[in-house]
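S.K.: So TrEMBL says this about it:
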- A:89-295: domain 'Cytochrome c assembly protein' (DOMAIN)
- A:315-638: domain 'Cytochrome c-type biogenesis protein CcmF C-terminal' (DOMAIN)
- A:640-667: region 'Disordered' (REGION)
- A:6-26: transmembrane segment (TRANSMEM)
- A:96-113: transmembrane segment (TRANSMEM)
- A:125-142: transmembrane segment (TRANSMEM)
- A:175-195: transmembrane segment (TRANSMEM)
- A:207-229: transmembrane segment (TRANSMEM)
- A:274-292: transmembrane segment (TRANSMEM)
- A:312-331: transmembrane segment (TRANSMEM)
- A:352-374: transmembrane segment (TRANSMEM)
- A:386-413: transmembrane segment (TRANSMEM)
- A:425-443: transmembrane segment (TRANSMEM)
- A:493-511: transmembrane segment (TRANSMEM)
- A:616-635: transmembrane segment (TRANSMEM)
Amino acid sequence: MSPELGHLSLWLAFGLAAIVAVVPLIGAHRGDARLMAVAEPLAVGQFLFVALAFAALTQAFIVSDFSVRLVVASSHTDKPLLYKISGVWGNHEGSLLLWMVILTLFAAAVAAFGRNLPVSFRARVLSVQSMIATGFLAFILFTSNPFERLIPAPPQGQGLNPLLQDPGLAFHPPLLYLGYVGFSIAFSFAVAALIDGRIGPTWARWVRPWTLAAWMALTAGIALGSWWAYYELGWGGWWFWDPVENASLMPWLAGTALLHSAIVVEKRDALKSWTILLAIMTFSLSLLGTFLVRSGVLTSVHAFATDPARGVFILALLALTVGGALTLYAWRAASLEASGLYRPVSREGMLVVNNLFLAVSAATVLLGTLYPLIVDGLLGEKITVAAPFFNTITVALAPGFLLAMAIGPLMAWKRGSLKSVVKDLRPAIVGTALFAVFTLVALDGEWAPLMGLVLGVWLVLATAMELAKRIKLFSTPPWVSLRRLVGLPKRQWGLTLGHLGLAVTILGIAGSEAFTVEKLVTVSRGQSVEAGPYTFIFEGVNPAAGPNYTAVEGHFRVQRGRQTVARLAPEERTYTSPPNTTTEAAIKPLWHGDLYAVVGEPEQGGWSARLYYKPLVSWIWAGAGLMVVGGAISLTDRRRRVGAPTRAKADRADASAGPKSVAAPAE
Amino acid sequence: MIRLFVPFASLSALVVVLALVLTPPASAVAVDPNGRLKDPQKEALARDIMADIRCLVCQNQSIEDSNADLARDLRQVVRERVAAGDNPDQVKRYLVDRYGDWVLMRPPVDRRTYLLWGGPAILLFLGGALALANSRRKRAVAGRLSAEEEARVQSLLDEVNNP
């Protein structure tokens, strides 16, 4: 019964979305409050019905209702509960439904918490959001119905890909979607603003918290995915420039640029047209990612569900959404003349440099991802664009980007002085130079990762100098500095922790690339293997079993000198439904690096094993964590919060004056 | 198509140099320990080559990263060629002759890929020029007075000059 209830809910949500896509828009145009008032309750209603559908599907998975085709295809009675639930989004139909839950969740959140937005603006935002919802609900209902029955029901399901049966991957898709679907709000804000022609610092203040929330989720989602690859795929790699990874990286890069350019709009009323374009492009890249992943045009290790017929539908949706928004932009953007002027050497100028690098990076990822398709299409020849290309370009772009990133926060608005920034940064420059000399003399490795280390140290020092300057460290008595530190605005922590987080991630990437020690061996019981300063001693294997797999468990004792620092028990698991083997690496994270062991097949004279010491590798994810924490602190900044009372009063006053009569305050 | 790419030809020289210099570090992986070459230097060389060869049946993985049977076979081919004394270019040529450019993880720089390798530099340059020109234009426009303001200034000046 409940699958039909879910299916019905989806249709009802579709109906509500179609109404909200049109009616409040007309209301806003005519200034009819009754038509605009439709938006909020129906936006909440959309969310409730989609959530109900999602709950119905989840229930079908939990009780293993094998009369539902999707449950048969990706579940099994023996799976632990967590993976029965994560199986809901471990397939095409279910993951789209999750996508919809998040899209409508954001719309409902704007309806519920966006009370300070002018009525007509809120109505338009919800309309645009509902247009997207209408399109994607149609896609689900017409091409990817998750509730399709299978009669007669088979007695058992086919199970979920064992690679996906992992806590990291259970939570990876929801976070990722929260991120890239969350950018839909920035998109809807941008399109609504283009329609009513009102863009200024107030608009930037409205859009920024939503973008920041989405960005945090995306950062966490990407980090979680890469961490999963690191411990689950069993060769210690953590980023493969796989098209699916690229699909999530592009909106992240564009979204990061958007967060920074919105600051310029908010503080200086400049870069408005560019910021609107970025907001449109960020979500467009999310949609493109969805298209690439869901259509299967690019076959990759992630493409679990592929069906070209669906691809055409998504491509049409993509063309309509992006094309529509860009047409509107081309038509209206000329009216967004900026009023905030600035010299190239200024905070604004540095933020433009930031945007330039991030936009070029996003474009490079896009170019590299699509290039093989283009060459194949135009010339009929097959080439591969993979990690070596992306790494090369990343290494080439990094120094300029990180240089600007370090000096930007110290630059004055409007007209800055390079000289005074250099003066502020003198200790960081000296420190980095000393470290660079040390690197050249004492460290042995390939030059690119060593350069990464130097750049990481540079960014850490420069970020620390910026904070020191804010709290007047050393130029006032320590207790005054401490008081200033406590009293810093919360968004300052967003800057400091965000930049520090990236520096830590870079150090992690560079350190692990430069210094990883790998031993590829066949070990027999009692044998010891040296890896860097550590000795791995093999203590044999024993069989093990889980709820739906059997495994061979290897045992290693790791010593440094005479002292045992870790015991590692990697597994090789064999699943029966569907039949597959996975390696479960055993990892002991230490602050300066990870000990990593994988056990493989029995070989002549023992077991094959891969043993690593990977210096600094866990800093990659620690850095991402810092970025998310910085975002979270910044999000609680009262002055930026959507519902902050002083702001709200002013905006309501604006709204009551009628939609067309108000220009952005600073214009 | 060929014509379209010609303007970027001079840039490509730079790109080739960059591509050669910026060789990123290979991720450290491999399987089949029993197949390893006895000479550790040759084994290391073979491993470096493997990182640049695509596993043809698995998407976006090098043969160094993959557990697929074909990858295993290709690893053995690479090791055999290296043991026979081939240098990395010869090994890659050997594989490209059999499988096409598709087998290379790093696309070769030629007329098909000028736009790929040169794209980021072109975008950075164009974007930078555009941003600079834009900020200049805006400052120039803002510095100028409107006709109305000109007239007002003129009348004020007249008042001052001819009291």
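Going from the start of the chain as shown, residues are counted 1 onward.
Each residue, glycine too, has its Cβ placed from N, Cα and C.
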S.K.: Taking residues 6+ outside the transmembrane segment (A:386-413), which of them lie with a CB under 8 Å of any CB in it?
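M.R.: Residues 240-241, 267-268, 342, 345-351, 353-354, 357-358, 360-361, 364-365, 368, 420-421, 424-425, 428, 448, 451-452, 455, 458-459, 462-463, 465-466, 469, 495, 499, 502, 506.
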S.K.: How about the transmembrane segment (A:274-292) and the transmembrane segment (A:352-374): at least 3 CB pairs under 8 Å, pairs 6 or more apart in sequence, or not?
M.R.: yes
S.K.: Any contact between the transmembrane segment (A:125-142) and the transmembrane segment (A:616-635), i.e. 3 or more CB pairs below 8 Å with pairs at least 6 residues apart?
M.R.: no
S.K.: In terms of Cβ proximity under 8 Å, which residues at least six beyond the ends of the transmembrane segment (A:493-511) contact it?
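M.R.: Cβ under 8 Å, 6 or more out: 212, 398, 402, 405, 409, 449-453, 455-457, 459-460, 463, 466-467, 593, 615-631, 633-635, 637.
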S.K.: Take the transmembrane segment (A:6-26) and find every residue of the same chain, 6 or more past its ends, with a Cβ under 8 Å from one of its Cβ atoms.
M.R.: 32, 35-36, 38-39, 42-43, 45-46, 49-50, 52-57, 60, 100, 104, 123-124, 126-127, 130-131, 133-134, 137-138, 140-141, 145-147, 195
S.K.: Quick one: do the transmembrane segment (A:312-331) and the transmembrane segment (A:175-195) reach 3+ CB pairs under 8 Å, ignoring pairs fewer than 6 apart in sequence?
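M.R.: Since 3 or more Cβ pairs under 8 Å link them, the transmembrane segment (A:312-331) and the transmembrane segment (A:175-195) do come into contact.
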S.K.: Return the stretch with the most CB pairs under 8 A relative to the transmembrane segment (A:96-113), choosing among A:175-195, A:352-374, A:425-443.
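M.R.: Of the candidates A:175-195, A:352-374, A:425-443, A:175-195 scores highest.
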S.K.: Given a Cβ distance threshold of under 8 angstroms, which distant residues of the chain, six or more beyond its ends, lie next to the transmembrane segment (A:175-195)?
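M.R.: Beyond its ends, the transmembrane segment (A:175-195) has Cβ neighbours at 25, 28, 95, 98-99, 102-103, 106-107, 110, 121, 124-129, 132, 203, 206-207, 210-211, 213-222, 224-225, 248, 251-252, 255, 258, 276, 279-280, 282-284, 286, 289-290, 325, 328-329, 332-333.
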